[in-house]
Amino acid sequence: MSVVYNFCAGPAMLPTPVMAKAQQEFINWQNTGCSVMELSHRSKEFMALTAKAEERLRQLMHIPDNYKVLFCHGGGRGQFSAVPLNLLPQGQHADYVVTGSWSEAAAKEAANFGKINVINAIDESEGIKSVKPFNEWQVSSDAAYVHYCPNETVDGIEIFDIPEFDGVPIVADMSSTILSHHIDVTKFGLIYAGAQKNIGPSGLTIVIVREDLLGKARVDTPCIMNYKTAADNDSMYNTPPTYAWYLAGLVFEWLESIGGVSAVEKVNADKAALIYQYVDNSSFYLNNIDSQFRSRMNVPFWLADESLNDAFLEQAEAEGLVALKGHRIVGGMRASIYNAMPFEGVQKLVAFMKKFEEGNR
Ligand code: PMP
């Protein structure tokens, strides 16, 4: 079979060496005679695996000791509920900055649990979509926390700088940007990410939380969503998604082997630049997002003549370039180019875009 490059937004492609290693040890993991997915999560072999995975993630992201790393269930949307349940005491409020569809969904879910102030930070004047500067995000000094989404997977908007709001803890949904570039964890109260983009398969969710934010959960918080319960039990209060955790560990090992986050960050910048440059130099394709805020993970683009969309997708697929259809909310195309997407995949995509343009001008 010829090579397929999968541009899906998530579950997304995983690094080939990771898949090959998983295949090789699928039935007999480390001479246990069992698959890793058949082992008790409390066995000493599995506990060693989880400790190593956490150590690797801590090193890759430079996570300080006063942060807990939790390996949870429930995906990004699970955290949309878990965050207010754990961090929003009754009678207080939280601020939610909206820059696209995922931050909007997070705010909507949080409103089920307490008082939420929604701050619209999108500026859409003159046909260009941009993000308002941080000093226009009217965050209240007494908010329990402020939530934002540094990379909007659907809209293709990424905020690279990190805001600061006078001691108000910052909570960030990093589902589609975690591990793609260096971030200063100390600027955040809490970071969460569903695994299915840059970490591993779906089913696992990572939460990185500063210790002083633990222990404030509402009494009616379900036990499997309670961060303190998870932290006190090494993320094993209930049976964790063990196979996804194992694969995440392999992804961290792979990332380390290619030079860590700083190395992948460079490749990611080059991959995104290749597509944006091509789009900007062509009137056949469009992208209306302010260049400062263009996502390096999810690159949306639109064909000026939308009647060609189906032909574009069909012909791309025939060349092994799959899952390029944009999210139904925004239409057009979207190339999700997470860490596992090799540079050659993006080169092949841009060559195809050029060929398609030439054939349809
Ligand atoms: N937040 C972001 C930024 C996402 O991209 C997604 C999923 N694509 C979610 C939250 C929701 O994640 P899940 O489907 O794991 O609940």
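A Cβ is built for glycine as well, from the same backbone N, Cα and C atoms used for every other residue.
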| Additional site residue, ASP123, ASP173, ASP220 [criterion: listed by TrEMBL with GLY76, ARG77, TRP102, THR153, GLN196, ASN238, THR239 for pyridoxal 5'-phosphate] | ASP173
| remark: The answer for which recorded positions (ARG42, TRP102, LYS197, ASN238, THR239) have a CB under 6 A from ligand 1 is TRP102
| task | To the nearest whole angstrom, state the Cα distance for the pair ASP173 (pyridoxal 5'-phosphate binding site) and ARG42 (L-glutamate binding site). | result | 29
| note | CA pair GLN196 (pyridoxal 5'-phosphate binding site) / ARG42 (L-glutamate binding site), Å rounded to integer, equals 24
| request: Consider each pair of residues in GLY76, ARG77, TRP102, THR153, ASP173, GLN196, ASN238, THR239, all listed by the record as binding pyridoxal 5'-phosphate, and report the largest Cα separation in Å as a whole number. | output: 30
